[in-house]
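J.: Take a look at this one; I'll ask things after.
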Amino acid sequence: MFKIDALKSFVRANAHFAIQATFTKRYMRCSSVKQQLHDFKVQGKGEISSLKAQLSYEAAVALPTPEVIDEAVSLMPPRPKRIVMGITGATGAIYAIRMLEMMRRLNIETHLVISKWAMATLKYETDLSESHIRSLATASYTAKDLSAPIASGSFQHDGMVIVPCSMKTLAAIRIGFCDDLISRAGDVSLKEGRKLLLVVRETPLSDIHLDNMLTLRRAGATIFPPVPAFYTQPKDLDDLVNQSVGRMFDALGIFVDSFHRWNGFERQKKA
C-alpha cells in the first residue's frame with residue numbers, strides 16, 4: 001500500500017528549484033510535480049493539495065544558500081578600475097588631458113564630464129578639439145545630464161577627480177548645491193564614502209575659499225593644489241605636469257612610475 005509519507009519524500013526530492021542569474025528567487029518546477037502526482041494516481045486528493053500548497057510556500061520563501069551565493073560571486077567577472085573625472089573652467093586643463101592619456105594607457109575605465117566654461121578654457125590652453133578630448137575617455141557626458149549613471153550612488157567607482165576645480169564647483173559641493181553633473185557626482189562621491197580629489201586652481205585664496213576647502217577636507221575630500229616640485233630639476237613644462245599628475249594618481253591609490261620620486265638627499269658624483 002502506497003503511503004503518503006513516501007509520496008511526500010518523493011515529491012520533495014523532485015521539486016527542485018531553478019535558480020535564476022540574479023539568485024534572488026527560486027521557482028518550483030510545478031509542472032514536474034503535477035506530472036509525478038498524476039502518474040501515481042493516488043487517493044487522498046485533499047492531502048496532496050495540502051502538500052502542494054506547502055511546497056509552493058517553501059519555494060516562495062526559499063533563500064539562496066551560502067554555497068549558491070559563493071558560486072555566484074566566483075562567476076562574476078572582475079570589474080576594471082573605474083575613475084570619474086570632471087573638468088571645470090579654471091585654468092589648468094593640461095592636467096586633465098595628461099591624466100586622461102595616462103589612464104587610457106593604464107586601461108582604466110574613465111567617465112568624463114566637461115563643463116561649458118571648461119570648453120571655453122580648453123580653446124585657449126590647448127589645440128585639441130572637444131571630440132578628441134572626449135575620445136580619451138571610456139564614456140563622456142554633458143554637464144547638464146543629471147540622469148547619467150555617475151549621478152547615482154549605485155554607480156560604483158574607485159574615485160573621482162575634478163581637475164582643475166574652480167572655486168564655484170568647490171562651493172557647490174561644499175553646500176550640496178548640485179546644479180550640474182560635476183557637482184552632483186562630487187556630492188555623491190562624498191556621501192558614498194568614495195575618494196574625491198579636488199585639484200583647486202586659484203590664487204590668492206580668500207577666507208571663503210579656505211573655509212570651503214577645510215569643510216570639504218573634513219567631509220572626506222582631498223584638497224590638491226597642483227603645486228610643482230623643483231627637487232626633480234624639471235627640464236620643461238612636461239616634467240612639471242608629470243610630477244603633479246603622478247601625485248594625483250597617488251592620491252587616488254593608483255601607482256604610476258612617470259616621475260622622479262624623492263629618495264633622500266643624494267650625493268652628486270664628482271665629475
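The backbone N, Cα and C atoms fix where each Cβ goes, glycine too.
Curation does not apply to TrEMBL; its annotations are automatic.
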J.: GLY89, ALA90, THR91, SER166, MET167, LYS168, THR169, ARG201 show up in TrEMBL as binding FMN; which entry in SER115, SER147, SER152, SER154 does that record put in the same site?
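T.: So, going by the record in TrEMBL, that would be SER115.
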J.: Across the listed FMN-binding residues, GLY89, ALA90, THR91, SER115, SER166, MET167, LYS168, THR169, ARG201, what is the farthest Cα to Cα distance, given in whole Å?
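T.: With GLY89, ALA90, THR91, SER115, SER166, MET167, LYS168, THR169, ARG201 as the binding residues for FMN, the largest Cα distance is 15 Å.
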J.: Rounded to a whole number, how many Å is the Cα of TYR231 (dimethylallyl phosphate binding site) away from the Cα of SER166 (FMN binding site)?
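T.: So the Cα of SER166 (FMN binding site) lies 28 Å away from that of TYR231 (dimethylallyl phosphate binding site).
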J.: Within 8 Å of the Cβ centroid of the FMN site residues GLY89, ALA90, THR91, SER115, SER166, MET167, LYS168, THR169, ARG201, which other residues of the same chain have their Cβ?
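T.: Residues close to the FMN site, other than GLY89, ALA90, THR91, SER115, SER166, MET167, LYS168, THR169, ARG201: THR88, TRP117, ALA118, PRO164, CYS165, LEU170, GLU202.
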J.: Please determine which of the binding-site residues listed here (THR91, SER166) has the lowest count of neighbouring CB atoms within 10 Å.
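T.: Each of the binding-site residues THR91, SER166 was scored by Cβ atoms within 10 Å; lowest is THR91.
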